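Visitor: One structure coming up, written as structure tokens, with questions to follow.
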Amino acid sequence: MDVVIEVRDARIPLATSHPQLDSWIGNKKKILVLNREDMISTAERNAWATYFARQGTKAVFSNGQLGMGALKLGRIAKSVAVGVNAKRRAKGLLPRPVRAGIVGYPNVGKSSLINRLLKRRKCPAAPRPGVTRELKWIRFGNDLELLDSPGILPMRISDQGAAMKLAICDDIGERSYDVADVAAILVQMLTKLPTVGSKALYNRYKIDVNDFCGKTFVEQLGMQMFNGDVNQAAFRVLTDFRKGKFGWVSLETPPK
């Protein structure tokens, strides 16, 4: 690869940062993409852009479903690797397309982003982890080749807070976590978000979260709507969050 494109989930940019990626890519050039920009507020987007700029990293915000940011990403990938063919010509070699590898956690939208760049469906994509299962090169015009890759996770996620955020945002498979526990933690997180709070939960489910902890809230929702089925209630809360029923919000804020 000439350049690495790292795709993260804009709702949880820190939790979807692979701790070993920088050591793997060494001195190769990297472009950071925060996908699903439509799922966070403009203020949150600006805050993250400022944070990464201070780190010396230019973040490209994209929406893989609608294609926003895809063309900008293609231009940046070509410009970042512009020196590749200059070096080849200096050695008397013929120019070749710039090779960009797209990497990131499962279900952050890597394949959808490629499909939007190409303006056609070349990579299987679905809103669940584990759809891409092999490395695949795709030609984009005459001067860019993209490598789609399966999602990569650390062998062990020691930060349990990050693991919970990955589960909430559907960036790891359902068999990796207890859905009722994750939904209970999501309820607690939502009550602490200024843009959501207890009122939004009450308006949607007619249950006062202030009377319960997150776990009891999910149990009450199961009794009220699903004949006591706590898992069904948990799936409802998680699905409502993923579909933006509480508004589009980031679960992380930039470190001070």
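One-based numbering along the chain as shown.
Including glycine, each Cβ sits where the backbone N, Cα and C put it.
Here TrEMBL flags 1-155 as domain 'CP-type G'. Annotation source TrEMBL lists GTP binding site at Asn35, Arg36, Glu37, Asp38, Asn107, Val108, Gly109, Lys110, Ser111, Ser112, Gly151.
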Visitor: Averaged across the domain 'CP-type G' (1-155), what pLDDT does the model get? Just tell me the whole number, please.
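Guide: Looking only at the domain 'CP-type G' (1-155), pLDDT averages out to 80.
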Visitor: Using all protein chains in view, find how many other C-beta atoms are within 10 Å of the C-beta of Asn107 (GTP binding site).
Guide: 25
Visitor: Tell me, how many other CB atoms lie within 10 A of the CB of Gly109 (GTP binding site), whichever protein chain they belong to?
Guide: 25
